[in-house]
Ligand code: HSE
């Protein structure tokens, strides 16, 4: 028994789509799973060098949690090899990829025949919001809502480049959520959700200048989180004349700019030179979510 599971990175929020909108990107976590006499995890990537090697591994813990939800006490033991290009705790959905992998592992090992909708629901229950887990499982751009059950819509995307600026420090989501306000006045809630509504409409229309404008006006999280991101204003300054918009990817600290491919090709080196302490990546949306290859 052996499988290879591949899950894309994701970028959440897109400005005002806080906890709701996410996009799968062409950067991946792969795991190779084979039957064994005991559970073991081996990392082949620098990003995962410190991950636990036994049953304290997060992927195993998710798989066991799902097993228990379906009435099993244990899972058949496996040897798991991990390969990842996704930096941890940077706002690129690394924990969503681990959750999706854990759910798929339980699904395969216990023959649960989970539908994609069930996988998204289970993953959202664990993460608390669907914005990273839904596109990690389904691919594409997914707009979702969760209140104990999950509803979502997939939006087609084309011809966009995600210029991804990754700093060399981590920011845990739980810390980046602590700086958010507990409450909004009715007036501010109406204003903030109007910006989110136009964000969604602009995504559907492929109206990137309007989407970028809404990213600037966003009220739910970036105004509060920017104090945690030392490079925030500099990134905006560097990119302001060249791209459609810049936003904090998920809870940060990675920032992402939406741009045309030709603009990126022309300007990438110039941008990099102005902020060389960050890694500058060119990522694209992918319509393919979690994939399983049987036998490898
Ligand atoms: N929507 C989440 C946040 C993404 O911004 O906190 C990170 O889990």
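Glycine residues also receive a Cβ, built from the backbone N, Cα and C atoms like all the rest.
Listed in TrEMBL for this protein:
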{"type": "BINDING", "residues": "87, 88, 89, 90, 91, 92, 93, 94, 95, 96, 97", "note": "ATP binding site"}
{"type": "DOMAIN", "residues": "57-140", "note": "domain 'GHMP kinase N-terminal'"}
{"type": "DOMAIN", "residues": "201-262", "note": "domain 'GHMP kinase C-terminal'"}
Among 95, 97, the most crowded of the binding-site residues [Cβ within 10 Å]: 97
Neighbour count (Cβ, 10 Å) for residue 93 (ATP binding site): 31
Among 87, 91, which are binding-site residues, the residue with the most C-beta atoms within 10 angstroms of its C-beta: 91
Other CB atoms within 10 A, centred on residue 89 (ATP binding site): 19
Additional residues surrounding ATP, by Cβ distance to the 87, 88, 89, 90, 91, 92, 93, 94, 95, 96, 97 centre under 8 Å: 9, 86, 250
